[in-house]
Amino acid sequence: MQGVHLLSTIVVLALASFIASATDPGPLQDFCVAVNDTKTGLFVNGKFCKNPDDVVAEDFFTSGLDMPGDTSGRVGSNVTTVNVDRIAGLNTLGITLVRIDFAPYGENPPHTHPRATEILVVAEGTLEVGFVTSNPNKLFTKTLKKGDVFVFPIGLIHFQFNRGHENAVAFAALSSQNPGVITIANAVFGSDPRINPDVLTKAFQVDKNVIDYLQKQFWEAN
């Protein structure tokens, strides 16, 4: 019995250790306002912390999200990001906010956030949204109207598309101060240096001329 009890204890401790290592560490202070002055700051989580005695309300504030973003680009959307670079007080708090503007039939192309789950609310217009699971790649999609909310799980490919004739606006929160973004088409066809066309020809099962054409489009756009 003692052997069984010892084994159970070891398993529990091992699981606890695994769980602890699989999550982000919690902050050990109320806040850690990011500062670029390395002489006066304390280095924490990739940023230097401002002396708490020097912190002011402005460190937790920004404005301008009432202003539409420029949607004249090729995909017809614009993402305005509020992260630690815009609000220094977000440092170590594990959250980012974005405003996404869509021209009529504009889209936020298929992409993924490797370090964050995203929750999105539609403020104006109608959006077709969705995400694709890991293999075997099931699509979950829904049409959202003003006031509707949708969640995109961490790391999964997702998109938003304006189905309407009018502009659309959405706001989203992401569960990281640095969620990262990988736009699928840009990564595959616009990487620097380019992925060998033979690799992509095999992967997409198309003629090499198609791959050459697609890579050219993304390289010219850059």
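The backbone N, Cα and C atoms fix where each Cβ goes, glycine too.
Annotated Mn(2+) binding site per TrEMBL: His111, His113, Glu118, His158, in sequence order. Feature annotation from TrEMBL assigns disulfide bond to Cys32-Cys49. Taken from TrEMBL, the feature domain 'Cupin type-1' applies to 63-212. Annotated signal peptide per TrEMBL: 1-22, in sequence order.
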Just to verify: the residue among Cys32, Cys49 with the fewest other Cβ atoms within 10 Å, which of the disulfide-bonded residues is it?
Cys49
Expressed in Å to no decimal places, the gap between the Cα atoms of His111 (Mn(2+) binding site) and Cys49 (disulfide bond) is 32
Cα of His158 (Mn(2+) binding site) to Cα of Cys32 (disulfide bond): how many Å, rounded?
32
Where's the emptiest Cβ shell within 10 Å among the binding-site residues His111, His158?
His111
With the Mn(2+) site defined by His111, His113, Glu118, His158, which remaining residues of that chain have Cβ atoms positioned within 8 Å of the Cβ centroid?
Thr112, Ala116, Phe131, Phe152, Leu156, Ile157, Leu174, Pro179, Val181
What is the separation, in Å, between the Cα atoms of Glu118 (Mn(2+) binding site) and Cys32 (disulfide bond)?
23
Count of other CB atoms lying within 10 Å of the CB belonging to Glu118 (Mn(2+) binding site)
22
Using DSSP, tally how many residues of the domain 'Cupin type-1' (63-212) sit in helix, strand and coil.
22 helix, 57 strand, 71 coil
Do you know offhand how many angstrom separate His113 (Mn(2+) binding site) and Cys32 (disulfide bond) by C-alpha?
24
